[in-house]
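Input: a single structure, listed below in structure tokens.
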Amino acid sequence: MLGWVQRVLPQPPGTPQKTVETAGPQPETESKPEANPQPEPEPQQEPEPEPEPEPEPEPEPEPEPEPEPEPEPEPVPEEAPPEVQALPPEEPMEGEGEAEAGPSLQETQVADPAQPTSQAQVAVAKVNRPSSWMLSWFWRGMQKVVPQPVCSNGGQNLAAGERDPDQGGAQIPEPCGTGDPGSAEASGTQDTEPSLWLLRWLEQNLEKVLPQPPPPSLAWKVEPEAAVLDPDPPGTPMQMEPTESPSQPNPGPLEPEEEPAAEPQPGFQSSSLPPPGDPVRLIEWLLHRLEMALPQPVLHGKAAEQEPGCPGMCDVQTISILPVEQVEHDLVLEEVDSCWEDAQQEDGASPQETEVAPAHEEESEAIVEIPRELTKIQEEREDEQEEDEEEKEEEKKKGEEEKEKEEEEKEKEKEKEEEKEEEEKEEEEEEEKEEEEEEKEEEEKEEEEKEEEEEEEEEEEEPIVLLDSCLVVQADVDECQLERTPSELASIQELPEEKEEKEEEKEEEKEEEEEKKEEEVEKKEEGEATNSTVPATKEHPELQVEDTDADSGPLIPEETLPPPERPPPSPVKSDTLTVPGAAAAGHRKKLPSQDDEAEELKALSPAESPVVAWSDPTTPQEADGQDRAASTASQNSAIINDRLQELVKMFKERTEKVKEKLIDPDVTSDEESPKPSPAKKAPEPDPAQKPAEAEVAEEEHYCDMLCCKFKRRPLKMYRFPQSIDPLTNLMYILWLFFVVLAWNWNCWLIPVRWAFPYQRADNIHFWLLMDYLCDFIYLLDITVFQMRLQFVKGGDIITDKKEMRNNYLKSRRFKMDLLCLLPLDFLYLKLGINPLLRLPRCLKYMAFFEFNNRLEAILSKAYVYRVIRTTAYLLYSLHLNSCLYYWASAFQGIGSTHWVYDGVGNSYIRCYYWAVKTLITIGGLPDPQTLFEIVFQLLNYFTGVFAFSVMIGQMRDVVGAATAGQTYYRSCMDSTVKYMNFYKIPRSVQNRVKTWYEYTWHSQGMLDESELMVQLPDKMRLDLAIDVNYSIVSKVALFQGCDRQMIFDMLKRLRSVVYLPNDYVCKKGEIGREMYIIQAGQVQVLGGPDGKAVLVTLKAGSVFGEISLLAVGGGNRRTANVVAHGFTNLFILDKKDLNEILVHYPESQKLLRKKARRMLRNNNKPKEEKSVLILPPRAGTPKLFNAALAAAGKMGPRGAKGGKLAHLRARLKELAALEAAARQQQLLEQAKSSQEAGGEEGSGATDQPAPQEPPEPKDPPKPPGPPEPSAQSSPPPASAKPEESTGEAAGPPEPSVRIRVSPGPDPGEQTLSVEVLEEKKEGAE
């Protein structure tokens, strides 16, 4: 009858339907209302309902948005074998059986039966009326055609409780499984009212056929099937609000896409029956169930695929918390309407508000999950969402490509700007190119690193989030009691990638913690500070918001910000929400003005906050980062301000100095005077290396003997050099000496051995030994020395071994050396030992000439060697002539004629004597008689005349060159004497001139050094001047502290002049144009009233005349007479030359002027000199004597001794007046002399005093006062004895000295005159 319904209703495609029934029936009992456990929030929505084609009496309201559906299973009769509907577990009643189920996928927890609930379970009563039988028949017929769900746990048998036929025939199946024993019991009681059965049947079938909304993401594959809402306990803000409906209908069960990996969970029991006998609550329950069945708004998440039907029947099912497939890396948080947000907050069951707790929680929880099957519509929507996500990924990729293009355009613009700068600055082109290449390489590396970091972050940040809704109920089960079920292990095996990613994340976090302990401590402190008010607990979970686009592409190619480190997971919950970072670039964009401080800011303000929200500029983490950047910028600005203040101070000081210089350019402070920079010491080697080196040196330089220990030079100093300098190497000249000796052996003895019979069989070995020794020397010279001689090529000295060898092999000397070493000695075997075969050894004459040149270059008196060499030439010519004469005599016959040698005496000496007489043409020789003798004699004469004429002329040249200087000196002296005689110069002056010539010639070896210096370049003149004069000039106190180069320039301008004894170097009053430095000898500075007193004597190294030369003090006249004491050699520096030098050294000029001012000021200061006393110093007068003297003065002439004391007082008065007059006269004489010699020049030497100008007396001496005070002020010496006189008058004596002060010729001068009255004095005595 109802078969057409089955054909019309939609069936799930390709879904196998299985029915598993329990073998033993179980009677249904009426369930009592029990308290339901507190549900956890569900992040899931129910599928949209679809209109049912079958007519129903109940009207369907319009779909209303419901944030959280609460499905509950309905009990169904046994007569529906194709499909079985699952009932939720109910609270156990007294006396009822308990159904057991395995532990859940993640954790099995025990539900608390004592928790309160706002929903009561409805018991199903028995129905015995006929209407109930009719309804049960209609119900069984509808279940045959309506698809039924299957229990998600296919491997578990289902238990169903059957009703007796006499009670209505309807059977209510028992739940598939329950939690722990005693936690839940399934009671299947039959409803007594048929209307309730009809309503339940309509509700159940509507939920089956209507489409359900998909879950937010594909990571959850199944949904909970039923839930009972309880009031939210305090402290759990994320749980749902309680609902008023007592029970809720159950939508069609959903089947997981891949496999039912769920296990039954305890703790959730509910009845889907409506409340009996309460029409108001019945209407509310119906409306609530319809709202749950109607379609709901869908979030942008991917739901798991579901199928409409599944065979089998199960009341309580569980789902796997671990995701089966990961499609997205992160959740996407998007903006929603305010009305929807309010509804979500009111219902408390929005999937966006709830997140899945991690696998390990500190608080014990019982998680019960009821799976739901997906419909075909959900699969289609799932595919659409996948396509949407792919489109979003493509858009992201396009955005990244656009960003890369923009970066490339920026790089191109930068390159253009750099090219413009290169055109302006051509000198810096190479450096800029290198910098550009380095920047490009760094950018490429940065991009590669960013891509790698992005991939790693994507892998690391793939959250293992469970997107299927579930109900979480707390229980009193510890974590140690939890175990994993086989279904959970199966689900874990299906996800190896997630496990590997977890392990990689853990390893990376461990490594980061080990490497950056300090940073982690700071981060923990910051995290504690931020979470101090609200700790991360279940009531206040820790939320981390990350930017999905922050690391998708490089924002700025110049910067590479380190990715934010992932914080360690919270002990309660660590959920991650990903926010699209559209505006992230704006926060990290580097401004053009920040180029200088970008790296500092990047290094000082990294992203260290554990919670990062790039899209929200008002987050406390970003505000903290901005504060850090601001603090860094403030530090940099403070440093810059300090530096600017320092620069301002320096500029002010410099301005003040310039003003002072403009006002008085000569006045400088001591601080401005340049100080010689201390010579930098060479860096000392490490102390650890010093002992080792010292030990090695000791081992090399010292040798221990039995008696003593002596030092020797290291052996490495005797190693043969790689190259030899033929011009300066003395060892090479010594080697040439040995080569010349070997050459002379051959040249002198080969003719002797050939002509004279000195080579015999008994001494042949001696001759051969010497011959081969000379050959060995020749061979060494060719192979060792000549191959290592340096030479000049293109102005460079070539020291390369190959180049030196090639140069010698190509030279003419090598050819001559080869000829001289021709091995003609092998002919001895055939021709006998003939000395003429060694004649080619004489071809090494080039070594002889080279030796002469090198030796003359190093000899101080080369003319001596030249004379010796010329004499040797003459002797060698005589040697050859004597050998030829003996050979001619032997050819004619010894003693055959008077002309030949007669064989008497030493043959060589007699022949040499004959050769000397013949070549010199002395005469007295016997006349030749034969034609051979006549020709031989003619050749001797011609050779003698030519040889001796050349020799004599060469000898004259040698001697003339040796005496050329003396000749020049004589010619100059003769010319000077002739000049003085012509002008009739006095003889005394002529003698002084002659003395000067002789002393100058003997002391210097020449009359004028400048003539020799003119031919030399400036560098050589400077070198010579430094060696000769620097040691003296550097000791001058005036030039100490001056520029070293200025002293070098001054050395080249110095002239050497010799002064004879008592010659005036300079006279007082002359114009000073020269400064003098004493090289040798002494000078005396004269002064005093007559100008002949020797004030000081200056020695070598002293300088004088500098005050006039520097023109300090307003004049440049000489202030004293300077006379040479003996022969004195002085260096003279002209004022013009000094000014030309000081122009280039302004600092030294200021220093010299300052020193000259100081010297002049010191010379003008008077020195306190002790006055010459006329009377010797007297001892102090005793107090008793002074008292007696005063008393006697008061008594007057009445006292017995009054006359004697009065006479003594008068005498002391006279002596004091004489002493004062003498002192005043001396002061006047010194004042007059100082005025005449005012401004006298002082020497720069420390021991050089200058004429002092004593100060004039401020107050002229006054005439003595009354006798009594003067007598008291100047008492007589203790040793003085009063003279006794019997005829002395009684009255006071008259004064014997008169002192008068009269005005002088000048208005400011006074004349002091002293008169002594001799007559009165004599009469008094």
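Backbone N, Cα and C atoms are what each Cβ position is placed from, and that goes for glycine too.
Under the topological domain names given by Swiss-Prot, Ile797 lies across the membrane from Gly903.
Looking at Arg956, Arg1118, the recorded positions in this record, the fewest other C-beta atoms within 10 angstroms of the C-beta turn up around Arg956.
Arg956 (site 'Occludes the pore below the central gate') sits 53 Å from Arg1118 (3',5'-cyclic AMP binding site), taking the C-alpha atoms as the reference points. Same-chain residues lying 6 or more positions outside the transmembrane segment (935-960) and placing a CB less than 8 Å from one of its CB atoms are 863, 866-867, 870-871, 873-874, 877, 881, 884, 888, 899, 915, 918-921, 928, 967. DSSP assigns Arg956 (site 'Occludes the pore below the central gate') to a helical segment in the three-state reduction. Sorting each residue of the topological domain 'Extracellular' (885-907) by its DSSP state yields 9 helix, 0 strand, 14 coil.
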